[in-house]
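These notes concern the structure reproduced below.
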């Protein structure tokens, strides 16, 4: 579903005239004057930008700031790909949207903003997610691609298609307080070519295998600070403008002097608790194209083809461990209680004592919990358990596993423990761990999981609960 | 001269991209590590990874750092700011003053 939103764009991308010698219009001279007088820029570089076509995949925390500067700089054709709609929780970082556009497709919302900033470029809306079926069609019409997506399966897909179609790729990612950016496949090099190298790496050369699914952090789950992801998006636009203005995406002509490829991963990492971290920006030297790379290495033409990708080979979801679905519960029926039952059978029985252990991170806990709950983050619980195990103090030291507030008087050791987390997965493991450590006193003390976590609590008990 | 078994090398080790949660939430560590492994061979990065698991890791979820005897997929190791593939990967022999950085690759955006 392509939607061209500028009447000046005259049909298919190949028919656009790439005029590299025309005079600039009055408006262009004025609008781009400050960037054109930067040493190394000038008219020729600006015309390259005006003739360039950039595809921004993802209209989120990276895509919004990247698109603003891409549009501001006067890139001639700007495509945006995203299938999501704007949500309120996006707006702290996805600054190309607005409160009044909540519920609109992100692509249309962002283009509305970009047109306001600069009406001259041709904007092309792709209001769909990129998939193995549409990826080649989306990417083929552009000169340079920005990967502003949010999951590993899509990142491998985009890189593979960029290798196959010989497109330079500027890839960035961010979560919590860290960000990364790297320029890949630039200048684009034919798939499988190694002779005469070194050649630039692709995404797979740098990141051969994705992390296991349990180690993948998403912004929705783990959080993200706006300026951290924003900086990475702005840096993507900076790299794109540099590459296009200087024709760095075109392999050097014979006899042309150019600095050799130096693949660099820029790492940005910031600490909320120290004024100056041990490092904030770090430029890391990466290896060039690898002979062993699945996508661009020796014999890769046999493994990776456009037709193959459309057929589902390789299977990106499977490769990234997403086929298995969410981890299933491990506990027996009698070890679990629903939030509603907990209220009816436990909370309202005023005489019965009990302990509620909330294993969410302290930031989540700071917004509230079940009345009387004590916070012991899951990671900390595991660390303390491991420490106790190592020191061999299983009993009686095992009581120290729980926060002091949960201490009960002698003779009350059978007071039950109810464990709750965010969505009901960690809490089940916590119940198992506490039992393994002997806190259930051989079955005398009940340790029960509150099924579905605080998410279910909000749904079943307290709709006003500030669940994040 | 002291027994070579007792000699140590001073290095710095950094974690980023969330790996720091396994190491008492500290991103930067100044360490004196044994100069030799148990067999008397000079300590290399492979030895360091094991050593970190045994001595510095506070979170028991070691599988978030090492999987199947190797650095978990999705973690890059950088030796003095260069991808370890440009050195000799885990066979790189530690030198005094080295900085070893482990970063978890990110996917969010």
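Cβ atoms here come from the backbone N, Cα and C positions, even for glycine.
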What range among A:1-26, A:27-52 does TrEMBL describe as region 'Disordered'?
A:1-26
Within 10 angstroms of the C-beta of residue A:150 (ATP binding site), what count of other C-beta atoms is obtained when all protein chains are considered?
25
10 Å Cβ neighbour count around residue A:61 (ATP binding site)?
31
Whole number in angstrom, please: the longest C-alpha to C-alpha distance across A:61, A:82, A:89, A:90, A:91, A:92, A:93, A:106, A:150, A:151 for ATP.
20
Greatest C-beta neighbour count within 10 angstroms, which of the recorded positions A:91, A:421
A:421
In whole Å, how far does the CA atom of residue A:93 (ATP binding site) lie from that of residue A:421 (active site, cysteine persulfide intermediate)?
27
